[in-house]
Amino acid sequence: MIIFCLNTAFGSLPAYLPTILTSMGYTSLRAQGLSACPYLSAYFVCVLASFFSDRVRTRGIFVIIFSAVGAVGYILLATIQTTGIRYFATFLVCAGVFPAVALTFTWVTDNQGSSSKRGAGLTIFGMVGQCGPILGARIFPKSQGPYYEKGMWICCGVLLFASFVAIILSLSLRWQNRQRDQKHGKSDIDHIPEDIADIGDAHPMYRYVL
């Protein structure tokens, strides 16, 4: 559900970011050029988000925060008509949505207990996720121009819902880890047994990544 919501907002960006910029009064050529800057900022944010999420060994809080950042960007796009603020909002959208998508992929991979589960999980994950762009590509019809308020609010809504689901999932995984701690004792993440990769989530020391 998280990746479906994120991909709904994500899938609309490549097709409609130049259109959004054109609605601000820029020519089509200049809008194409200006659309590169939000993507560039998203690249650096993705790198930093990946680094820090690895350092603290958690994904959920980053998915929650970045989804909310993207939602704020869409709120500005839906409610503000000032060109400068709207352009700034596109940075928030890209810097929020792209890292959230990347970290969600990693989060799913981290929490598959075995290679077979990982393969099956990613297949289902990809199938559900690709349904998002089908919706995202249809929420900015020309009839809604030049500000596309309806499409902006839809993207805002799905991002806030993704953030909410990520909160629920993080709490659920935390609870399951506590149950495992009570049953098997604390897991030392700095000294993980070598056989845990073979046994997966059936291993008493296995813990979910939050």
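Including glycine, each Cβ sits where the backbone N, Cα and C put it.
All TrEMBL annotations are machine predictions without curation.
According to TrEMBL, the feature transmembrane segment maps to 33-53 (among others).
According to TrEMBL, the transmembrane segment annotation covers 60-81 (among others).
Look at TrEMBL and you will find 87-108 (among others) tagged as transmembrane segment.
Only residues 6 or more beyond the boundaries of the transmembrane segment (120-139), in the same chain, are considered here, and those with a CB under 8 A from a CB of the stretch are 1, 3-12, 15, 105, 108-109, 112, 150-151, 154-155. Per TrEMBL, the feature transmembrane segment maps to 120-139 (among others).
The transmembrane segment feature in TrEMBL is assigned to 151-173 (among others).
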#### Entry: Non-local residues, at least 6 beyond the ends, that sit with Cβ under 8 Å of the transmembrane segment (33-53)
17-18, 21, 26, 59, 62, 66, 87, 90-91, 93-95, 97-99, 102-103, 106
